[in-house]
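The next block holds one structure in the form of structure tokens; read it before the comments.
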Amino acid sequence: MSRSNSLPQQALTNLLHFTLQDRITGVLIGSALGDTIGLYTEFLSSTQAKSSYPTSKFTLHPTPTPFKLDRHRAPFTPGHWTDDTDHALLLLLSFLHNSSASSSNISSPTQTDFAERLRIWVSQGFKPLDTMPLGLGRLVGTVLTSKGFDADPEKIAREYWEGTGRKAAPNGSLMRTHPLGLITLWEEEERCFEVAAGISRATHVDPRCVIACVVGGGLVRGLVRGEVHTEQDVEGLIERGKKWYESVGKQEGYPHVDWAELDNYTSGKGGLEGLKLDDQHAIGYVYKALGAGVVLLRMAMKRNHGLLDRVSLFEELTTELVMHGGDADTNACFAGALLGGYLGFAALPDHWKHGMVHGKWLVRKAEAVCQILDVKEGDYTGQDDPDTAPLGGKPAVSQQDMEGKWMVFQQETMRKMDEAKKAEEAKTAESHSKSGWSAPWKKAKKQ
């Protein structure tokens with residue numbers, strides 16, 4: 001009896017839909033996990049990361065690895081993502097709010113809608129989950145509080161960039177770009193580039209930020225579609241992004257992009273070490289985050305030899321990345337989106353997925369995206385989901401009440417800091433006691 005390599009059309013469709021669901025969910029959960037794990041070492045040097053987490057192992061479930069508790073990490077609880085994921089979700093919720101599984105029309109987020117949601121986030125927190133707005137960057141904080149931002153975000157962002165010497169190219173727009181690669185999944189690649197560039201310019205107009213988002217959004221789209229599967233595919237997409245920028249995306253009066261610099265950061269030749277991610281003078285540079293994601297994706301493609309490799313790669317590579325320190329949550333957020341799209345949700349480590357505090361909520365949003373993109377059956381309608389409204393279906397909190405929430409939050413942060421200090425002092429005293437050492441001034445006086 002001869003073997004047939006053919007499958008019924010319905011079986012092929014089911015298989016395709018399952019694969020796409022796995023990758024779409026992998027992008028969203030993978031990026032949030034990268035953000036969550038990256039918080040452990042954010043702003044640390046690689047040396048500090050190794051001394052703070054000597055096992056280079058991170059667990060979220062059942063017992064989360066404790067933070068190196070300092071003023072940066074004290075406001076957080078292990079298992080929570082940061083502003084990086086919040087800002088990406090503002091775009092995702094905007095898309096969901098204006099979409100329905102019963103409609104073939106897919107609406108991409110606009111600059112003004114994003115501006116409104118971003119302003120609400122700053123003043124109210126992430127409303128659907130009632131979390132505080134932690135980690136706002138300097139550039140975003142400045143432009144969104146400027147007069148006219150709501151009406152024309154790009155104009156205000158451009159004025160800020162020009163007023164600061166046209167030098168600022170931080171990673172704040174790249175960290176939120178991955179949902180745009182999903183939203184434009186069934187559109188032409190050039191449309192993905194256009195949307196990613198436009199949303200970047202709502203806050204970050206520097207050409208390096210824009211091209212990073214073009215490449216980042218394009219990679220997510222290509223990975224989920226199965227069109228980016230090898231390192232050659234990665235390089236091809238980067239080249240197409242560069243050509244699109246030069247022919248369509250470049251704006252008059254803006255400086256030329258140094259393509260050699262971009263290639264240097266994304267080539268992977270120096271590995272993660274070559275990116276110098278913990279360089280304290282440039283940890284937030286957008287090309288470092290872009291390079292971290294692309295280099296980690298290249299590493300995954302080199303090491304993915306079979307099923308056993310596939311299910312271990314995300315944890316191994318993400319851990320390797322965050323142990324380099326620097327802006328680790330942003331680097332791992334973007335890298336996690338790429339790895340999640342490449343490996344799929346099923347390959348993400350269970351003890352991380354089950355320990356992410358709002359993981360189930362995010363999976364439900366991923367399922368909604370799958371329904372709208374017609375790769376999963378369902379009748380999701382964004383207008384019926386209160387989470388997708390700008391205020392998350394909740395009443396606005398007054399400034400006075402918000403100040404009260406901040407006061408309670410800060411008190412809790414200080415309490416955690418005090419407890420950590422006392423625990424460290426007790427640990428040191430116990431260590432000295434076991435060694436038989438005592439401070440000279442505490443020795444008994446001779447009679």
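Yeah, the Cβs are placed from backbone N, Cα and C, and that goes for glycine too.
Positions annotated as Mg(2+) binding site by TrEMBL: Thr82, Asp83, Asp84, Asp327, Asp329, Thr330. According to TrEMBL, the compositional bias 'Basic and acidic residues' annotation covers 413-433. What TrEMBL records for 381-447 is region 'Disordered'.
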What is the number of other Cβ atoms found within 10 Å of the Cβ of Asp327 (Mg(2+) binding site)? 26
Within its own chain, what residues at least 6 apart in sequence put their Cβ under 8 Å from the Cβ of Thr330 (Mg(2+) binding site), listed in sequence order? Asp35, Gly38, Asp84, Asn171, Leu174, Met175, Gly284, Ala289
Residue counts in helix (H, G, I), strand (E, B) and coil for the compositional bias 'Basic and acidic residues' (413-433), per DSSP? 21 helix, 0 strand, 0 coil
Among Asp84, Asp329, the binding-site residues in question, whose Cβ has the most other Cβ atoms within 10 Å in this structure? Asp84
Beyond the listed site residues Thr82, Asp83, Asp84, Asp327, Asp329, Thr330, identify every same-chain residue whose Cβ lies within 8 Å of the center of their Cβ atoms for the Mg(2+) site. Asp35, Gly38, Leu39, Glu42, Thr85, Gly135, Met175, Cys333
I'd like to know which of the binding-site residues Thr82, Asp83 has the most other Cβ atoms within 10 Å of its Cβ. Asp83
